[in-house]
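Participant: Sharing the features that TrEMBL gives for it:
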SIGNAL    1-19  signal peptide
DOMAIN    20-82  domain 'Sushi'
DISULFID  C53-C80  disulfide bond
DOMAIN    83-140  domain 'Sushi'
DOMAIN    141-200  domain 'Sushi'
DISULFID  C171-C198  disulfide bond
DOMAIN    201-259  domain 'Sushi'
DOMAIN    260-319  domain 'Sushi'
DISULFID  C290-C317  disulfide bond
DOMAIN    320-379  domain 'Sushi'
DISULFID  C350-C377  disulfide bond
REGION    375-398  region 'Disordered'
COMPBIAS  381-397  compositional bias 'Low complexity'
TRANSMEM  405-427  transmembrane segment
REGION    431-452  region 'Disordered'
COMPBIAS  437-452  compositional bias 'Basic and acidic residues'
Amino acid sequence: MGVTYFLLCCLSLAITAQAQDCSRPVGGPNMVLKDKDILLETFPDGTQVTFACEVGYISAGGSAISICQGGSWTPVRLKCERKNCGPIGEVENGNVDYPEGTEFGDRAVITCHDGFILVGKDKIYCQDKGWANRLPVCEVVSCDPPPAVADGTFKPVSESYSYRDVVQYSCQKGYTLNGSISASCSDDGTFQPAPPSCIMVRCSDPQVDNAELTEGSQRVYGYMATVTFKCKTGFMMTGANSQRCEINSQWSPPLSCKLITCKLPPTVENGSFSPNKTSYNYGEAVQYSCQKNYTLSGAKSVTCSDNGIFTPGPPTCILITCKLPPTIENGSFSPNKASYNYGEAVQYSCQKGYTLSGAKSVTCSDNGIFTPGPPTCIRSTTPPTTTTTTTTTEPPTGNGETVKVMLIVLAVIGTSGICLLCAFCIYKKKRGSGRGGPDKEAPKSEEEVALS
Ligand SMILES: *[C@@H]1O[C@H](CO)[C@@H](O)[C@H](O)[C@H]1NC(C)=O
Ligand SMILES: *[C@@H]1O[C@H](CO)[C@@H](O)[C@H](O)[C@H]1NC(C)=O
Ligand SMILES: *[C@@H]1O[C@H](CO)[C@@H](O)[C@H](O)[C@H]1NC(C)=O
Ligand SMILES: *[C@@H]1O[C@H](CO)[C@@H](O)[C@H](O)[C@H]1NC(C)=O
Ligand SMILES: *[C@@H]1O[C@H](CO)[C@@H](O)[C@H](O)[C@H]1NC(C)=O
């Protein structure tokens, strides 16, 4: 009961205090308290305050007064609107833009047409009391003559130039123009781009290590003089081989001759090379060789030459094979194949009655040739084992067939001889016994028969 009373007591005290004073009043948007009220923090009951629009804002009607009544302020009816400066006006030969508008804080942006130059401010702000500045003017552009150029001139010459007028520059003989050859009167009243300069270009005598000049030698080297170099033997150009005298009196591009080296020579199947190194100097040679059973075709030796490559191209290693071995008279060989591998052997033999002279076996060797050379077949010196009784001084001239024929001939001749002898004996006997006429004819015919 005591606690409730205390709380009620406190509440009534607070209500009584608020009813008497008001705290600082808050107006509508863009308003401020007028005069000395702006400095106060508490306001007694019944106090009347007046509001005003803040800077840049203007009243659009409504009461600006508020009264503190029972601790709270009566509502303020005042309306504040942002001030509008309105259009600033027109600019001859120019434009006025309002990127945001024409209200307080906004700006007017003035630009001049091409060929006109702005005199005055190009941005004007809308302030509390209207536009802050007067409008600028757009004056027609004109240029003063461009600055003189040392060792050069320009054309045409005039006291004043209109917008977009052009001057052409030139340099005295022996001088080189560096920069733009012409300039024009631009909208800022000056000639653009900046004037060129006239330069005496002289390059020093060209020098390139390990190279000799081949073209373009002169007494003096002026602008754009071109020289060509060639590297000394064993050296190679890295990049261009000619250079030019540039405007800065320097040769460009720089040239250089590098010592020629070769990388590994190409590898060859079934072969190798020596020496085996990571890099070879110009002129260094490499020898190729083939594995066993292979033969080298092409250049055995290649040399590191220009462009860092080995010349001539690498050889090849070809598997050695032999074609048919040579044929021999009165003999043959075996086996008989179209092709023989390296190391393969062939056996020769002679026909009957002939003896082999030389190597019986030949082998497919290097270069695809059978070694040693083929044998020969010679007619045997020992007579064949036949039972002929005839005494012949000559040795047999041929094979068995020939001998047989000869024997038959000999036999016929022998038989004829015997018959002739017999006939002769009979004839003699008949003559000796009686010389009759009728007997005469018979022996004669007999003789003829024997003889035929
Ligand atoms: C040539 O003109 C350019 C640009 O103005 C300048 O940078 C350069 O130094 C000039 N060259 C010489 C050799 O004067
Ligand atoms: C030769 O080269 C070929 C291909 O590389 C390979 O197949 C063959 O075995 C080689 N011959 C020898 C005898 O090494
Ligand atoms: C060269 O030597 C390298 C390294 O010893 C080896 O790998 C390569 O096979 C060799 N080449 C020849 C062709 O001998
Ligand atoms: C032996 O060879 C020669 C020459 O080719 C030939 O004239 C002769 O008939 C041959 N001999 C035999 C018995 O074939
Ligand atoms: C070479 O040829 C011979 C005969 O054909 C063979 O026996 C040998 O293995 C071959 N050698 C190589 C290295 O190929």
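These residue numbers are counts, starting from 1, taken along the chain as shown.
Glycine too: its Cβ is placed from the backbone N, Cα and C atoms.
So that I understand the layout, could you describe where these features sit and how close they are to other parts?
Facilitator: C80 (disulfide bond) counts 22 other C-beta atoms within 10 Å of its own C-beta, drawing on all protein chains shown.
On the 0 to 100 pLDDT scale, the domain 'Sushi' (83-140) averages 94 in the predicted structure.
Residue density at C198 (disulfide bond): 20 other Cβ atoms are found within 10 A of its Cβ, drawing on all protein chains shown.
Counting residues of the domain 'Sushi' (260-319) by DSSP class, helix then strand then coil, yields 3 helix, 30 strand, 27 coil.
A simple way to gauge crowding: the CB of C317 (disulfide bond) has 21 other CB atoms within 10 angstroms, across all the protein chains here.
Sequence-distant contacts of C350 (disulfide bond), defined as residues of its own chain at least six apart whose C-beta falls under 8 angstroms from its C-beta, comprise N330, G331, L356, C377.
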Participant: Counting distance between Cα atoms, which of the disulfide-bonded residues C171, C198, C290, C317 is nearest C53 (disulfide bond)?
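Facilitator: Given the candidates C171, C198, C290, C317, the nearest one is C198.
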Participant: If we check Cα distances from C80 (disulfide bond), which of the disulfide-bonded residues C198, C290, C317 wins as closest?
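Facilitator: It is C198, whose Cα lies nearest.
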Participant: As a test of the contact definition, list every same-chain residue at least 6 positions from C171 (disulfide bond) whose Cβ is closer than 8 Å to its Cβ.
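Facilitator: When sequence neighbours closer than 6 are ignored, C171 (disulfide bond) has V149, D151, G152, L177, C198 within Cβ distance under 8 Å.
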Participant: Report, as a single number, how many Cβ atoms besides its own are within 10 Å of the Cβ of C290 (disulfide bond).
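Facilitator: By my count, 21.
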Participant: What's the number of neighbouring CB atoms sitting within 10 A of the CB on C53 (disulfide bond)?
Facilitator: 22
